[in-house]
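Enquirer: Quick paste of what Swiss-Prot says about this protein:
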- 1-25: signal peptide (SIGNAL)
- 26-145: domain 'Thioredoxin 1' (DOMAIN)
- C65-C68: disulfide bond (DISULFID)
- C194-C197: disulfide bond (DISULFID)
- 293-412: domain 'Thioredoxin 3' (DOMAIN)
- C331-C334: disulfide bond (DISULFID)
- 413-416: motif 'Prevents secretion from ER' (MOTIF)
Amino acid sequence: MLTRSILSVAVCGLLLSPLLPITRASQEEDTGKQDKQFTVELDPETFDTAIAGGNVFVKFFAPWCGHCKRIQPLWEQLAEIMNVDNPKVIIAKVDCTKHQGLCATHQVTGYPTLRLFKLGEEESVKFKGTRDLPAITDFINKELSAPAEADLGEVKREQVENLNIGKVVDLTEDTFAKHVSTGNHFVKFFAPWCSHCQRLAPTWEDLAKELIKEPTVTISKIDCTQFRSICQDFEVKGYPTLLWIEDGKKIEKYSGARDLSTLKTYVEKMVGVPLEKTAGEAGDEKVVIEEVAGEEDAAKKLTPQQLTGEDEFDQAIAEGVAFIKFYAPWCGHCQKLQPTWEQLATETHQAQSSVKIAKVDCTAPENKQVCIDQQVEGYPTLFLYKNGQRQNEYEGSRSLPELQAYLKKFLGHDEL
């Protein structure tokens, strides 16, 4: 068994793996409030297999432990959130009263002990944060998005570095799926005849040059006039469309300014690695063609407003009606809701409604306090605000018609 450093924490959080059996709740779940258990329960026979197959966040506990009992609902909630296909991390637990040898091997000396076992790493990571969902998810996001995971495959890292030769990767129908299947990719979907695409082209090339030393992301492009099926699969409806793709899945549609500095800042945010500025960039980064700026302003109105920080959040909810999605980029349910949320924003704007459709990334450090203040306990959480006052949490169906019907309750008869 690989030797791993121990991460003890009084917080609970684990991801459910579709590859591992879900067992009945142990004595820890003695309240009987939940019939279904989402956390994966491990034993000596399944533990090594689990950590050898992926990232695993383990809670080592004892059923009689009061702190363990208090954290149990939060642990189950995190497991339910992460219960998606191909999860980035498995949320699990080990009953140390049943498996004393296993807990002794991992140097468990107190309960609960929380340790993150990262795929390919010999040492586990100890969670030392507060026992709330934002702190735990922030920990997971930081640990699993960090490039330190490279030692599980220097070969994989070298392959990515070979692509980052200072040029945009030109993708085709034959190469697209394999290229984006693992890692981070910023992809431009374009048409050769599109004037905005033509203006963006040199900046896109410059962005690739800036990332020559950053192996965690590639800058790519695909011609939608030649490879329509790929563009249709990613719901591309206009040119250029810039999508952030992680491990083959669309995470976010970029809708910011298209100058080099702003694009670099966006990449830095997504990969969590500061990028160097180029000489003369400070003077050039604010030069934006008026036509493109106007187009981007219109595009922003058709997409959910990305709120950042307490001041921006307070301003958004101060007047009128604001429908806000609190989410985490790694959350599978959030990813499934994303296209519907974008469509809701588009149709709301087209109906000339005054309601604001927005979103808050709770894993971003600048939003941590916002999500704590708003008592966000799971992802996605949908709150509606009217003149600064929060209404009841929306817990209905996440289909577009149901979301629109909910909004109508708070709007005038002529809206939506």
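For all residues, glycine too, the Cβ spot is worked out from N, Cα and C.
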Enquirer: Per DSSP, how many helix, strand and coil residues does the domain 'Thioredoxin 3' (293-412) have?
Expert: 56 helix, 28 strand, 36 coil
Enquirer: Would you kindly give the Cα-Cα distance separating C334 (disulfide bond) and C68 (disulfide bond), rounded to the nearest Å?
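Expert: About 28 Å separate the Cα atoms of these two residues.
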Enquirer: So what pLDDT does the domain 'Thioredoxin 3' (293-412) average out to?
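Expert: It averages 84.
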Enquirer: Count the Cβ atoms, other than its own, that fall within 10 Å of the Cβ of C194 (disulfide bond), considering every protein chain shown.
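Expert: Looking across every protein chain shown, the total is 16.
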Enquirer: Provide the three-state secondary structure of C194 (disulfide bond) computed with DSSP.
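Expert: Once the DSSP labels are grouped into three classes, C194 (disulfide bond) ends up as coil.
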Enquirer: Looking at Cβ-Cβ distances, which residues of the chain lie under 8 angstroms from C65 (disulfide bond) while being 6 or more apart from it?
Expert: Y111, P112
Enquirer: Mind tallying the domain 'Thioredoxin 1' (26-145) by DSSP state, helix then strand then coil?
Expert: 45 helix, 21 strand, 54 coil
Enquirer: Near C331 (disulfide bond), which residues of its chain come within a Cβ-Cβ distance under 8 Å, counting only those 6 or more away in sequence?
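Expert: Expected: I81, M82, Y379, P380.
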Enquirer: Taking just the CA atoms, what is the gap between C197 (disulfide bond) and C334 (disulfide bond) in Å?
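Expert: If we compare the Cα positions of C197 (disulfide bond) and C334 (disulfide bond), the gap is 30 Å.
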Enquirer: Do me a favour and check the Cα-Cα span between C334 (disulfide bond) and C194 (disulfide bond); whole Å is fine.
Expert: 32
Enquirer: When a 10 Å sphere is centred on the Cβ of C334 (disulfide bond), how many other Cβ atoms does it contain?
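Expert: C334 (disulfide bond) is surrounded by 23 other Cβ atoms within 10 Å.
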Enquirer: Applying a 10 Å Cβ distance cut-off over all chains shown, what neighbour count does C197 (disulfide bond) have?
Expert: 20
Enquirer: Report, as a single number, how many Cβ atoms besides its own are within 10 Å of the Cβ of C68 (disulfide bond).
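Expert: Taking every protein chain into account, the count is 23.
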